[in-house]
């Protein structure tokens, strides 16, 4: 996972499997894994899995080189090849393309209530069976099957379509009617190092680090009473879709994932009968035909499977969003209205709220000497890395450390605290960088600590410089609910615009991803802490890895309520009903407490209850994605993603302005004639009460940067599933603005269907 720039989130950013997407270097006769795309077998309509595998093996110099054969979400295979062998293969009939395997690094007791899902069941849009009959496939680091979050008490057997299996090989009780399957596609170490390239021996699907257990329980965990981490965030832990079934596919080890394994896991999940795929992984932007996850996701969507993906943990940098394809839901991360409060009191009487999970049962009282770790002025000492405090007198003092790492090092906040403790420090204050702003993280530290925001950090450093004997105290306030602003953008959440397709607004949606409590295989925090423990183990971590399964579970709940809806319809329902305001009624803020734009928040914050009854949806036939791809790429490249031969000259090309997406992104090319408008077309389908009339309302700045006209200005629906089209004409102004954002709302007496609008000028 990508380093959250705030290393503690590393845990999830390793919980976020942030696809660093690093291709192997290929040289000489070295065996390297390639993902090879080929045309379908000549009798592919009636071909069996064995037929396809035989077809794939015909391309290989040795059958033992085959790593994975793909049958459902890709047409091709992964194999270990030399460069010379690949060159020879590329001349064979049926070969399309090959890309080197990519390495992806790894990127709740209160969130159901925060999202409005704990309302009385009689008033809930979902009733008492949230997610019933739906199977969520979680592609991650595996799972700890014996956690009570995967209890099947009261769960019915899986649907008859389920074809998966349980591969723990330890106990028949490892899987049940909740956790209905678990498979692994990660090679065992010995096999991975084999000179023959044979990687068929895999590890069991047990969770190596906790990430997969956390995400799976967030999506569909069973209710667990008394959940807490070191006594904090106590309550009932329950997933978004507690009545859904879960199948886990281990495609990552504790530190990394291979694209070939992810593709194999998705292939199996679709074949097994999953309805929703949840993948808390991502990577740097790449053309879709070079991205195995984009290929897999389109294959799944074409078979009616909803795909939820993490936006990435590379924020707040612009253009850092990953998983940009329009056939997947791309999920950003937000805070919730809960803090695990740890307050810093300075000797001058000022106080600053921060966060820490570890809050000693009997904390030390009184003021302590305060020292800045960077006062020695040696390189990087302010970061409190291993060995950095050597020679600095910190014994019995509270040490001020800066968040972050230096190149080539991975310093989590917990490691920094361990360095301070080892040097004799009494506590640690962790200061946010400017880029992290007001996003603070609660970690299971090993000593009294507090992560404070950047503004507080500046004030603390100013105090340090104002007196010869600075002092401080860390006071613990426990779990505090009702904090504001909430929700707020997480600093680490990756931002648009999309580099792969700027004509599609990404991310799509934001959901809870900061300080999320969910199941964990082992206990966390310092040993012998004297804090509550001994029961089921949970952890609180952060990342778009955590927001993604929230949306996966919500999608499953919608699928259960509306089994006939397509993946595009479910995505539209989630996006067009999202909240654009925070709980106080003001705009959703970013990490600097400025209004968040659509490149950060997407359509806004998910509102599950409204998403279950959206009124209108913008549906997309999966075949339209091929026309859209032909507007971006050549036929050969489109054939890779479509998994069949495509001749774009014979396809109706669909530019991004015409793809029926729930949001609207218009990018005017450089030197565009500003007297010429650009036209966007959309088609709305009625899934709400009829007859009904919707009236257009355009929310755009009044400064004249753009003029927007909607035609017609009313949409009239007289029957269910009726479709009505409209056009949005965008005319740029003459003042040279680079970006303008607003929204289009279709308003009836019952519903408001909102689409964010982003207008950019190259």
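Even glycines carry a Cβ here, placed using N, Cα and C.
Automated prediction, rather than curation, is the source of TrEMBL annotations.
What TrEMBL lists as signal peptide is 1-27.
What TrEMBL lists as domain 'Inhibitor I9' is 33-107.
Taken from TrEMBL, the feature domain 'Peptidase S8/S53' covers 131-581.
Feature annotation from TrEMBL assigns active site, charge relay system to 140 (among others).
Residues or ranges marked as active site, charge relay system in TrEMBL: 211 (among others).
Taken from TrEMBL, the feature domain 'PA' applies to 369-460. Look at the domain 'PA' (369-460): DSSP puts its residues at 24 helix, 18 strand, 50 coil.
Feature annotation from TrEMBL assigns active site, charge relay system to 545 (among others). Residue 545 (active site, charge relay system) has a Cβ environment of 38 other Cβ atoms inside 10 Å.
The annotation domain 'Subtilisin-like protease fibronectin type-III' is assigned in TrEMBL to 659-759. In terms of DSSP secondary structure, the domain 'Subtilisin-like protease fibronectin type-III' (659-759) contains 0 helix, 59 strand, 42 coil.
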C-alpha spacing of residue 211 (active site, charge relay system) relative to residue 545 (active site, charge relay system), in angstrom: 8
Number of Cβ atoms other than its own within 10 Å, given for residue 140 (active site, charge relay system): 31
Alpha-carbon distance [residue 140 (active site, charge relay system); residue 211 (active site, charge relay system)] in Å: 7
Secondary structure content, the domain 'Inhibitor I9' (33-107) (per DSSP, counts of residues): 19 helix, 27 strand, 29 coil
